[in-house]
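Take a look at the structure below.
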Amino acid sequence: MHLPSASFLLAAAATLTLAVPVQDSPRQRLLDGKPLPARFRKKGTTPTNPYTPGFRDPLDSAVDSVGNKLDPLPYRNGLGGSVLGPWNPERARQNPDLVRPPSTDSGDVPNLRWSFVDSHIRIGEGGWTRQTTVRELGTSTQLAGVNMRLGEGVIRELHWHKEAEWAYVLDGEVRVTALDYEGGSFIDDLKKGDLWYFPSGVPHSLQGLGENGTEFLLVFDDGGFSEESTFLLTDWLMHTPRSVLAENFHLPPEVFDHIPKTEKYIFQGSLPGPIKDEEPRGKFVKKSKYQFTHKMLDQEPHKTSGGEVRITDSKNFPISKTVAAAHVIIEPGALREMHWHPNADEWSFFIRGRARVTVFASSGTARTFDYTPGDVGIVPANMGHFVENIGDEPVEMLEVFRADEFRDFSLFQWLGETPQRQVADTLFAGDKEAGAKFLAEIQSAKKDEVTKFSNEPEHVDVEEEELVNLR
């Protein structure tokens, strides 16, 4: 029997050693709930990584785990423990306030966040669509959203809905057509930041323009909406006897021998020309007297100390009777102030930036959620909340409501316009000095929709050396 040589055994042992994971690495020690060795800690300093056992933050400050490339773990102010089971670090990084909630979170609050990246995509010829409805996000009961992409010349075929359709152009250019209730024809070309609104039952079509087509967000005034329940032209005609088609359109039946046998839905069309060359010119054609489109980003913004706000509702876009919206920019370090909406649930869509939102649901319950681009957030009507920019770039978001008018109550304004004695008795009966400072600050009762505290303490970033050691 031939025995392996000593050199062979040594080489094999070395190979096995290389294959064994390092069980005593800094990151593995943290995952196991063990303290870091002294060589990885600075003497006389407290930990600056918020997801370590020794870190303390009694203020529950926001942490940008995405921007700082941190791996959230369930440690908070000396409490918590490591994770031994399966773990998805990327999802944890996007949801740090679910992994380590602020100490102010409490009780049961239903899920109020969904990401479009988790929605099923229906792929068509030159485009795609995905949706967030009550089926994907159980709290999205009042509104449903659809994200759609159409390439150059690609058509979302002629159709209509039971629900009203509101839309915001995210990028590119798109042509919309419609027929109003009085038989008036409407055509318009839209760009990034423009809106359209088609009331229930209004037939319409969409087509991508320009070299790169378009992408847009559709919002429907019923959370139970489904893109699969659209009334499509091709679907109707294929389910109608040809004898009826012939009679309806005053043509021989053979004219309809080759109409589509399946719905077209999203398909490549011919490239459109200028509107003036494509407008119908029949004897009984008339132009619509209704304006189905609106240029939201062309509105003069309302400037605040921490950003800007544009509001579009039935006051400046009269046809939009069931959907109101705000376009909000929150600068880094700023806060969409504490507020609530009395007339409808808020359906938010995050276009860029990173934010955290705490929703106060009354009865001692509150929960914090984190949002990144492509995420949808829900805040039920009358629930108090804020939106905090936790990243290093502006947060751009849409606040959408099933309502004819945008309405909100500012906590700051309310307290400033309430008898100050009552405010002091309620909040500062045991600390008159703090009460005096608070009353002096709210005295102006100025509503500042996106607010920024000018004396905010400087943010302390996690040191790069420590980040490297913990990865």
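Placed from the backbone N, Cα and C atoms, the Cβ positions cover glycine too.
Since this is a predicted model, take the numbers as computed values, not measurements.
Of the candidate ranges 81-110, 291-320, TrEMBL annotates residues 81-110 with the feature region 'Disordered'.
Of the listed segments 120-141, 208-229, 450-471, TrEMBL assigns region 'Disordered' to 450-471. For the recorded Mn(2+) 2 site, residues HIS339, HIS341, GLU346, HIS385 set the reference point as the centre of their Cβ atoms, and the other residues of that chain within 8 Å of it by Cβ are TRP340, VAL379, MET383, GLY384, GLU399, ASP408. Long-range contacts of the region 'Disordered' (81-110) within the same chain, counting only residues at least 6 positions beyond its ends with a Cβ under 8 Å from a Cβ of the stretch, are 30-34, 50-51, 60, 63, 65-66, 69-75, 138-139, 356, 358-359, 361, 363-370, 372. In this structure the alpha carbons, written CA, of HIS204 (Mn(2+) 1 binding site) and HIS341 (Mn(2+) 2 binding site) are 32 Å apart. Cβ atoms within 8 Å of the centroid of the Cβ atoms of HIS159, HIS161, GLU165, HIS204 (the Mn(2+) 1 site) belong to the same-chain residues TRP160, PHE198, VAL202, PRO203, THR230, PHE231, site residues excluded.
Non-local contacts of HIS161 (Mn(2+) 1 binding site) by the CB criterion (under 8 A, 6+ apart in sequence, same chain) comprise PHE198, SER200, GLY201, PHE220, PHE225, THR230, PHE231. Recorded residues HIS341 (Mn(2+) 2 binding site) and GLU165 (Mn(2+) 1 binding site) have their alpha carbons 22 Å apart, per Cα-Cα distance. The Cβ of GLU346 (Mn(2+) 2 binding site) has GLY377, ILE378, VAL379, ALA381, HIS385, GLU399, VAL400, PHE401 as same-chain neighbours under 8 Å, each 6 or more residues away in sequence. Counted over every protein chain shown, other Cβ atoms within 10 Å are most numerous around HIS385 among the binding-site residues HIS159, HIS204, HIS339, HIS385.
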